[in-house]
Amino acid sequence: MAEPQPASSGLTDETAFSCCSDPDPSTKDFLLQQTMLRIKDPKKSLDFYTRVLGLTLLQKLDFPAMKFSLYFLAYEDKNDIPKDKSEKTAWTFSRKATLELTHNWGTEDDETQSYHNGNSDPRGFGHIGIAVPDVYSACKRFEELGVKFVKKPDDGKMKGLAFIQDPDGYWIEILNPNKIATII
């Protein structure tokens with residue numbers, strides 16, 4: 001368990017856990033299914049998330065009346081994706097931890113269009129995290145692919161983890177779950 005923190009640093013472990021309730025039995029089958037990011041250019045974003053990070057496009061849904069499309073990605077085998085549209089939709093929405101990319105049509109051609117990544121004022125959303133077997137090997141590959149870094153593994157005080165940016169400037173933490181305990 002972490003060392004007790006001074007009052008000015010936030011909640012102590014004890015206080016944090018005392019603020020939490022045991023899950024209601026009715027939530028037993030709930031799951032965190034998706035995180036959504038708005039994107040400017042689906043061609044750039046789909047290339048980044050599939051080629052650079054290795055995610056698989058599970059499904060694309062278009063909403064012509066509202067002029068937007070949704071792209072659902074996850075770490076899944078593309079051969080497991082059902083062919084039937086209804087079955088595919090139910091399957092997609094039952095996966096754990098999917099990334100939903102929302103594209104509002106026309107933003108890719110608007111030079112003034114950009115999205116706030118939450119890491120500058122006013123702060124809000126921070127990042128998503130990707131677990132990898134070897135942070136240094138992954139980052140070497142990212143460098144070779146020309147990926148923009150916010151933090152390389154040996155920068156700063158927290159050694160062994162990195163932050164990269166996607167085409168819209170969203171931050172992505174690159175971590176190794178087996179080594180994270182030695183970092184924090």
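Every residue, even glycine, has its Cβ placed from backbone N, Cα and C.
Not measured: the values here are computed from a predicted model.
Swiss-Prot lists E100, H127, E173 as Zn(2+)-binding residues, and of the candidates Q34, Q59 the one it assigns to that same site is Q34. When you go through K44, K148, K159 in Swiss-Prot, the residue listed as N6-succinyllysine is K148. Looking up K28, K88, K151 in Swiss-Prot shows the N6-succinyllysine annotation sitting on K88.
Once Cβ contacts within 10 Å are tallied over all protein chains shown, the recorded positions C19, C20, M158 are led by M158. In the three-state DSSP classification, N104 (substrate binding site) falls within a strand. Nearest by CA distance to T107 (phosphothreonine), out of the recorded positions E100, K148, M158, is E100. On the backbone, the CA of E100 (Zn(2+) binding site) and the CA of R123 (substrate binding site) stand 21 Å apart.
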